[in-house]
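Trainee: Have a look at this one.
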Amino acid sequence: MKVLNKFNKMRYLLYTLGFFLLIGCDKEPEATYIEGNALGTTYHIIAYDKQSIRDFTKRVDSVFNAVNQSISTYVESSGISKINRGDTSVVIDKMFRDNLKFSKEIHSKTKGYFDPTVGNIVNLYGFGAEKLTKEIDSSVVDSMMQYVGIEKVTLEDNRIKKEIPNIYLEFNAIGKGYAVDKVAAFLKAQNIENFLVEVGGEIYAQGKNMASNKKWRVGIDNPLQKDDKREISSVIALQNKAMATSGNYRKFRIDSVTGQKYVHTINPKTGFPNKTKILSATVIAQNCALADGYATAFMAMGLAEAKQIIKDINAIEVLLIYDDNGELKNFSTKGFETLSVD
């Protein structure tokens, strides 16, 4: 991790999984730039501090550590890992409750296309913490579907009660977004009015990019770009909002025996990876956990159903990039279109 304190006469291109952050100006005010590794990915923070240039590195680290200890299935000592191992004595914290609440909200509004109890199947395909890769056929998947269903998980006296003990919870589809929100909340508490937080491509932008005195500009990847050359599909002006993109174009697994390609988005209604016409889904929302979760859910459903569900959800803006017989096309909400920068 490192902190950079000066951006004078400098151009910086932040290159992330789903986004480009474009910063460029001849005369830029001083800013604090922090970057590092967290949650199995990288993060970048740019903050303009009115008081002085402060190094928040250790305190930001503590935020990520707290998130990990609550909801990371990759940390054996975390609350969620203990619960998945069958420990019924775990008293969950606010972070866990938040993620459960957001998950239930997204599950309800997307008609079940988002479900954090899909963890056993995610592991089966080799995309989770357990890496339970084995020969996959419909009978194996069907047998694991008994563990899927958020309605089978309840909260009683701040303890998780599972209808079936082997249910495996995972909040990985909203975890990065939630971490973005927690870091953003920390920076706001330090009275920082202008900043941008990015964790693995999920973003929260507050105030302005003081280098240009304009809203923060973030770019969305072309999902059909080649691995060795990244292309921007569109640029969005973002202010006091979160933005997340989900896509199957980078994260997938090839079965070494059958050669079958499995995309990482699992349809929780069927238990199978869902490859539809939608190549990427970008969501803008008030917080990044919701943006992250909705983007994942839209990738799990067909294009027509996604369009209909999007109409019924308030307070989000959406861009779907999809394949129409080999031609790249966009579907976006009117609000999303107003944020686009030529």
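Cβ atoms here come from the backbone N, Cα and C positions, even for glycine.
From TrEMBL, for reference:
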- A173, D292, T296: Mg(2+) binding site (BINDING)
Trainee: Setting A173, D292, T296 aside, what same-chain residues sit with their Cβ within 8 Å of the center of the Cβ atoms that define the Mg(2+) site, listed in sequence order?
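Mentor: For the Mg(2+) site the neighbour list reads F114, N172, I174, G177, A244, S246, G293, Y294, A295, A297.
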Trainee: Within its own chain, what residues at least 6 apart in sequence put their Cβ under 8 Å from the Cβ of A173 (Mg(2+) binding site), listed in sequence order?
Mentor: F114, P116, D292, G293, T296
Trainee: Can you tell which of D292, T296 has the least company, meaning the fewest other C-beta atoms within 10 angstroms of its C-beta, among these binding-site residues?
Mentor: T296
